[in-house]
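Engineer: One structure is given below, represented as structure tokens, and several questions about it will come after.
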Amino acid sequence: MAEAARKQRSAAAPRPVRCIVKLGGAAITNKGELESIDEESLRSACAQLRRAMSDGTSPEKVMGMDWSRRPGDPADPVVDAEGFAGMAGLGLDSNFVVVHGAGSFGHFQASRSGVHKGGLHSTLVKAGFVATRISVTSLNQEIVRALAREGIPSVGISPFACGWSTRQRNVESADASQIIESLHAGFVPVLHGDAVLDELLDCTILSGDVIIRHLAQLLSPKYVVFLTDVHGVYDRPPTDPNAVLLKEIEVDDNGGWSIVKPALQGNRNGVEISVAAHDTTGGMETKILEAAAIARLGVDVYITKVDTEHSLRALKGDVNASSDDWLGTVIRSAK
Ligand SMILES: Nc1ncnc2c1ncn2[C@@H]1O[C@H](COP(=O)(O)OP(=O)(O)OP(=O)(O)O)[C@@H](O)[C@H]1O
Ligand SMILES: C=C(C)CCOP(=O)(O)O
């Protein structure tokens, strides 16, 4: 592509993004088992994404786009090249951005070496940085392949490799031109939480939740979905049998928030949170803070459980927080 045309396209406002979705590490990996993918949840999330993207003209047959041989496959993959050639289009409104977390990939390497706290002069931190990136980029590859098997034209994009960096853990520089170019070209960018360089700390871990807030500011999606391993935000850790699911949270202009549904005894607004010891990015606490910042932009946020009817509704943007059969948390602006 000619350089001038490329620059012009980067500068032009992209087609409005429909949805930015986080495939939470807790949702698509087995968090207690090192580098283990929850294949069933990942397959379901990809199939639901395809259904949410379908524009009603999708062909019955999914044109798989993962043409690599998998370990243990007896033969080369069969590629239906003629089937592709005869297709008018994919039948998908693929104007989505996918960001995934690390789950049982990355967090272990990062917490073991302290990458999130910085200090690249230490050999352990340097080694941990490399190990963390190997781990999260290999997960990224598997997620891109799972989406490709569903016929979703996905491309992996690594924040570190695109030069994203932080200052005291806040995003400092984040070149989104590759993401915007990819969307223009009809691809679904698939980013991930990553180890990055930090101006003050040398290095740190950039959470997928923080990436999503940054992208929401830049791309103004219609809605944002966080898929995780619990139904949404509870008033206390969901392992507590008395935990209550908070179905609707309103955020005001100053970032203050109030629980709209259900009405809690004593008008309580606090949420108790527990975070796993090896989690380097703050777990549910970070998610709630980032979700509130996104809601302040006027973008509705849905947090719900992967592989449920509720996750499909969220991905389609078809959520009614006041309906009793919705299980999830809606975080929205009070305005
Ligand atoms: N008050 C709370 N409400 C909801 N979940 C909570 C709460 N406190 C703790 N949690 C825990 O938060 C976890 C989900 O947050 P987590 O950050 O692990 O999700 P994720 O985004 O799917 O994973 P990752 O950060 O690896 O990408 C759940 O497993 C849940 O047990
Ligand atoms: C490299 C790591 C550990 C990325 C963490 O991203 P998150 O799971 O979205 O918080």
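Here the Cβ of each residue, glycine as well, is placed from N, Cα and C on the backbone.
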Engineer: G86, G89, G91, G103: which one does TrEMBL list with D229, G283, K287 for the ATP site?
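Structural biologist: Of G86, G89, G91, G103, G103 joins D229, G283, K287 in the ATP site that TrEMBL records.
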Engineer: Of G186, G208, G232, which one shares the substrate site with A102, H107 in TrEMBL?
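Structural biologist: Matched candidate out of G186, G208, G232, per TrEMBL for substrate with A102, H107: G208.
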Engineer: When you measure from the Cβ of G103 (ATP binding site), how many other Cβ atoms are you left with inside 10 Å?
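Structural biologist: A 10 Å sphere around the Cβ of G103 (ATP binding site) contains 29 other Cβ atoms.
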Engineer: Across all protein chains in the structure, which of the binding-site residues G208, G283 has the highest Cβ count within 10 Å?
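Structural biologist: The largest 10 Å Cβ neighbour count belongs to G208.
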Engineer: Determine the binding-site residues, out of A102, H107, G208, G283, K287, lying near ligand 2 in the sense that the CB is under 6 Å from one of its atoms, and give them in sequence order.
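Structural biologist: Listed by sequence, the hits are A102, H107, G208.
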Engineer: Given K287 (ATP binding site) and G208 (substrate binding site), what distance in Å do their CA atoms have, once rounded to a whole number?
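Structural biologist: K287 (ATP binding site) and G208 (substrate binding site) have their Cα atoms 9 Å apart.
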Engineer: Using Cβ-Cβ distances, find the residues under 8 Å from D229 (ATP binding site) that belong to the same chain and are at least 6 apart in sequence, listing them in sequence order.
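Structural biologist: Expected: G24, A26, A27, K31, K305, V306.
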Engineer: To the nearest whole angstrom, state the Cα distance for the pair A102 (substrate binding site) and G283 (ATP binding site).
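Structural biologist: With distance taken Cα to Cα, G283 (ATP binding site) is 11 Å from A102 (substrate binding site).
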Engineer: Taking the residues the record says bind ATP (G103, D229, G283, K287), how far apart in Å are the two Cα atoms that sit farthest from each other?
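Structural biologist: Pairwise Cα check on G103, D229, G283, K287 gives a maximum of 14 Å.
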